[in-house]
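Asker: Mind looking over this structure? Questions follow.
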């Protein structure tokens, strides 16, 4: 069975075509295309501008994806699109595109939860059995485990997502958004050597990132080279703190928080596996820290590369086809989108 997936919940529009050869067989990725809306340094991406970008690219990406996949329209079983969560205007653009090609091609539609798409793609690529899932992206931060045909949320952010924290700090430092701010922060962090104290916001199984961001933004004012030397930000030893040091300190602090709550979830559910998904999951330092924790417990960590960690259409096609095979079809009048669509709202009928 073959499905096409349309993803556009944030600043990336992705189209993917996938084939499921049969039960218990590895899915075949036929095409996986993506284009990113990039805003100037110091700026985020506005929903209206992002939606305009998606509408400008969606038709050509659909054509290219189908052509690259080497399939005919009649071979496609269903059209899968991101129903939510995400930003309203970009989601509407993708939903409109899905409805349009459904009517043109005469194919059924399946609305997919963005978070479940990340999880199922991660499981398919890494072959992780029944892991605790750390889902970290620009809009979401959740610690998840599967139970009784639901992906249960054991911990999450109490305010902003970890990716949003990183992106906003990148704007403070005027770090470029190309290819994406989190990657550029990561590269600067690799050059940092001084660990600056930042608030540590773990509340039981949940985490808070807004206070850390506010503290980092305040410290960043001390990096201004036009300030008198005595007012510049320094370490306790009197060494000047650099933007690389602040990026390093931010990463070390927020990733340590994620490791703590993930380890607690592993102990609770008795799992020896961690699957890291979402755009922030492509960060090498996060994977390294999570791997150290997992190995100390005799376990292992699983993650994918940026083709599948970062938002993409193939994960929507994969999760949508799994739902479709259980009899799920979204009626045309229900092909709406919602900015708030929790992971645990989805009935996972394709798992035992």
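Note that Cβ sites are derived from N, Cα and C of the backbone, with glycine treated the same way.
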Asker: Going by the divalent metal cation site in Swiss-Prot, where 114, 118, 311 are listed, which of the candidates 135, 324 is also part of it?
Answerer: 135
Asker: 135, 136, 137, 138, 139, 167, 182, 186 bind substrate according to Swiss-Prot; which of 113, 194, 283 goes with them?
Answerer: 283
Asker: Near residue 118 (divalent metal cation binding site), how many other Cβ atoms are within 10 Å of its Cβ?
Answerer: 31
Asker: By the DSSP assignment reduced to helix, strand and coil, which category contains residue 137 (substrate binding site)?
Answerer: coil
Asker: Give the distance between the Cα atoms of residue 283 (substrate binding site) and residue 311 (divalent metal cation binding site), rounded to the nearest whole Å.
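Answerer: Answer for this pair: 14 Å between alpha carbons.
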Asker: Hey, for the divalent metal cation site built from 114, 118, 135, 311, who else sits with CB inside 8 A of the CB center?
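Answerer: Along the chain, the qualifying residues are 9, 115, 117, 119, 137, 140, 277, 278, 279, 315.
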